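According to TrEMBL, the protein has these features:
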type	residues	note
DOMAIN	31-58	domain 'C2H2-type'
DOMAIN	59-86	domain 'C2H2-type'
DOMAIN	87-114	domain 'C2H2-type'
DOMAIN	115-142	domain 'C2H2-type'
DOMAIN	143-170	domain 'C2H2-type'
Amino acid sequence: ISNMPRSMCAASGLFNPAATDAEKSHRGIGYQCNFCDYVTRWPSHLKQHVRVHTGERPYQCHFCHNNFSLKSTLNKHLRTHADERPYRCDFCPQSFKLKCTLTEHLRTHTGDRPYKCHLCPLGFKQKSTFNIHMRTHTGERPYECHVCARSFSHKSNLVAHMRTHGGKCS
């Protein structure tokens, strides 16, 4: 008989020297990240989270060799190489590789505009379009010409402006 301390999992009733993981998850005791304040009940979730800090990306695409930190992200990415489009629109014949793309598309049928500007009456179907709109209120102009230092709120305006310099992109 081992002198190693043994503990019993309250949920399963099993004795196991390594039952501390089960005990923690059943009692709600968390696992904390050594890099930040993130806490989870599940060691597997902590392992995935730590990759944010370490940069570990163990899942590789065998087509383009891009690496991913989560297997689920790799699986979504693999659809970009295949013609698999599992998310179908109920209103038209279109189908999509990603659920989020279908969700955005459905707004063309429903008219839903979930991103509302709190400074004017406009609403937007896409968060990216909303963010661009907000520049009209904030005055943000993140796209700067490296030739004359003029700045623009839209990338397309910078591209058009560059033609005035003969397309120089120094």
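From the backbone N, Cα and C atoms, a Cβ is placed for every residue, glycine too.
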Mean of pLDDT values spanning the domain 'C2H2-type' (143-170): 86
Residue numbers, six or more beyond the limits of the domain 'C2H2-type' (87-114), whose CB comes under 8 Å of its CB atoms: 76, 79-80, 123-126
Tertiary contacts of the domain 'C2H2-type' (115-142) (same chain, 6+ residues out, Cβ under 8 Å): 104, 107-108, 151-154
Secondary structure content of the domain 'C2H2-type' (59-86), with strand meaning DSSP E or B: 8 helix, 4 strand, 16 coil
